[in-house]
Amino acid sequence: AKQSLGRPSHLMEIEATPLSPQQQAYNDGGGSDQRAGAGTGAKPLYRNPVVVVNFLLMAVGTVCGPLLFRAYFLHGGTRKWLTCLLQTAAWPLLLPPLCVSFFSRRRRQREESATEAAPLSLMSGRLLAATVAIGLVIGIIDFLYAYGLAYLPVSTSSILVSTQLAFTAVFALVVVRHRFTAFSVNAVVLLVVGAAMLGLNGGGDRPAGVSRAQYYAGFAMTLGSAALYGLVLPLMELSQAQHAARAGAAVTYTLVLEIQMVIGITATAFRAVGMLVNREFHEIPDEARRFDLGEAGYYFMLVSSATAFQCFFIGTIGAIFYGSALLAGVIMTLLISVTEVFAVIFFHEPFNGTKGVALAISIWGFISYFYGEIRTNEQQSNTSTDKEHLDP
């Protein structure tokens, strides 16, 4: 990718963050399966502090978000559009770092050129349109997820959500031409089998007060949200890569935060319309008064849920930026077992043998995929080293 010339690297270093291998491959004219830079001595992801922070944000959001939502429904909450809104309502948390980045960028621009002003946003028109479209899709995804979680135990919902790795792998092949290996195919099959086992066991862990029709509707909604999210992750990766190729500018972490903010604004506006149509805004004070944990507990749960899901989205888009859509999917799948354990501890959810086997199969699928990625990276590293030895 073409980097800006003459720009100092002090202060907001996140703006000078290099492209991920997938993005660099697009700029060089190839697909995302060309792991440019692999084996060339690049710093491992786990040694990059910004990457570690993004992974921790994903962990907080993936584990805490579903538990807080389930607690909301168990203690008297009933507003599905409200829970849908909360998943992106905390987008203003992105404003402080973006403002710091803008003022830093403007100051550097003044030092370099007295006539040109720093742009307010780093997004191109094409990228903005694509991001708005993704935001609308995420609005639909989160509604499906919130609907499903209202009728399913967290443990069942989490295992179903883990199937997004299978969908991500398929869509990554189609959208960003990420190549399949025997390990990734095995992972996809195992995750599908795990979800199918839960379907055959449907109703065995049905919460009290939930009808069989509601249970299966929640099952289908959750699985549908996983499928759509499996499509969105590669689309995010593709939009970042194409922006770098067409605009001739580096995809910086500041740009990644701008993308997440636009997604948050769009998705929140979509859900706000849903709440207005269903007249849910004026029901919030009444629901707070009836909430089992009291009004303070009600509003604390809403704020905590919004913050947790914002952490999840920031961490996810950061994982895509520094790695790939599949890397983000793998991390989410890894955290499923943690969510399962906490759901059993805090909510005393039933965990029968079928669900345990389904979880084991899902973890097996994750390990298979992760091991395959390690093997692939090692082979590419060895190939790169051999080519360096052959060069005169």
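For all residues, glycine too, the Cβ spot is worked out from N, Cα and C.
Per TrEMBL, the features are:
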REGION    21-40  region 'Disordered'
TRANSMEM  51-73  transmembrane segment
TRANSMEM  85-104  transmembrane segment
TRANSMEM  125-147  transmembrane segment
TRANSMEM  159-176  transmembrane segment
TRANSMEM  183-203  transmembrane segment
TRANSMEM  215-238  transmembrane segment
TRANSMEM  250-277  transmembrane segment
TRANSMEM  297-321  transmembrane segment
TRANSMEM  326-347  transmembrane segment
TRANSMEM  353-372  transmembrane segment
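Counting Cβ pairs under 8 Å that are 6 or more residues apart, the transmembrane segment (297-321) and the transmembrane segment (250-277) reach 3 or more and are in contact. For the transmembrane segment (215-238), the list of distant contacts is 22, 32, 130, 134, 137-138, 140-142, 144-145, 147-152, 156-157, 160-172, 174-176, 178, 195, 198-199, 202-203, 206, 259, 316-317, 320, 324-326, 328-329: same-chain residues at least six beyond its ends, Cβ to Cβ under 8 Å. Of the candidate ranges 125-147, 159-176, 250-277, 326-347, 353-372, 326-347 contributes the most Cβ pairs within a distance under 8 Å of the transmembrane segment (51-73). By number of Cβ pairs under 8 Å, the transmembrane segment (326-347) is matched best by 159-176 from the list 125-147, 159-176, 250-277, 353-372. Within its own chain, the transmembrane segment (125-147) is flanked in space by residues 69, 80-81, 83-84, 87-88, 161, 217-218, 221-222, 224-225, 228-229, 231-232, 235-236, 239, 242-243, 246-247, 259, 262-268, 270-271, 274, which lie at least six positions past its ends and keep a Cβ under 8 Å from the stretch.
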